Amino acid sequence: MIKEIIQLLPEKQRKRGVWVAFSVLLRAILDFAGVAALIPILLVVVKQGGGRGMMLALCGAVLLFVLLKNALVVFLARVQSRYQLEIYREFSKQVFANYYHRGLLFLKGKSSVQLGHEVNYVCYMFSSCVLAPVFRMAGEAVLVLLMVTALVVWEPLAGFLLCASFLPLAGLYVGLVRRRLRRYGMEELEARRKQSRTVVEAYRGYAELEIARAFHTSLASFDQGMEFIVHNRLRMEVYQLFPSFLSEVAIVTGLALLIGTGGGDLGLVSGVFAVAAFRLIPAVRAVLNSWVTLQNASHTITVVKEGITIMGNEPQENLPSEPPFEFRHTLELCGLEFAFPDGHTLFSGLDLV
């Protein structure tokens, strides 16, 4: 999927994407530094290595660092957002122009509601529900890797127990819901298209519906589509709540394993484990939720790929050759006359050859 996304990007945006990827890496390092800055405070408090004045001074220094770090994180997040919105602007404009230049037959063969949905909503969804989750997953995955590596280097047992508690649950979640999420995403997209088509056709065909007294059929179709959308969204909500539950279960399981098998200064190790878990819970949750969003919106990759493809250079199918049409006879219309029912004559005695 990542390869498909990269192939869709123009050459200019690919080069810019390298810098955006670097900003994602830098942002993950800054988040890791923010968590690491809490460890000295924990060590001072647990070991009682200094007075209250020293502790307060250390807290002030850490607070200043956190403020500066978050200011830089906001700047990097803005860089990523600008990049995503530029992709949306470029793709939406390109799809709009390509659809127009494909001609009247293409436009008549497709629903205008569907085309407008793809130009506006699908392109924006590609930016916000495909690109953004990819960046978020990459950043949070790097952060998790840094934290686990640091924990393994400092206390191997705690690091391995953390991996043993997180990885199986995350793998189980991904393996169970992957196909379902893709199917739910496609079903919701199609349901929203049908819902928009029902509304537009009802408004356009107001006169026909009133004459035939058939508005109840449109209303029934609307209710049916709305019921399907609500049911599909409720199913999605269940899967979106799983990451929160699984991450908390993993932390409790890891602490239980640490207490049951650990030795030495268990209080300090548990404290560091808790500080790591404080940031790991939202990180793992963000990775899983972003993965859910990406799977749910993966159909937009296909739609955007088809939309930005220029059709004019494609070879046309060889049509069977036919002899040219030749008109060898003459048609004559004589004495044409047209009059309105009230007797007013518009023209008369018109001859056409």
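Cβ from N, Cα, C; glycine included.
The following features are taken from TrEMBL:
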type	residues	note
DOMAIN	20-296	domain 'ABC transmembrane type-1'
TRANSMEM	20-43	transmembrane segment
TRANSMEM	55-77	transmembrane segment
TRANSMEM	134-153	transmembrane segment
TRANSMEM	159-177	transmembrane segment
TRANSMEM	241-260	transmembrane segment
TRANSMEM	266-288	transmembrane segment
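The transmembrane segment (159-177) shares more Cβ pairs under 8 Å with 241-260 than with any other stretch in the list 20-43, 55-77, 134-153, 241-260. A contact links the transmembrane segment (20-43) to the transmembrane segment (134-153), because at least 3 Cβ pairs that are 6 or more residues apart lie under 8 A.
Within its own chain, the transmembrane segment (134-153) is flanked in space by residues 2, 5, 20-21, 24-25, 27-29, 31-32, 35-36, 80, 84, 159-160, 162-163, 272-273, 276, 279-280, 283-284, 286-287, 290-291, 294, which lie at least six positions past its ends and keep a Cβ under 8 Å from the stretch.
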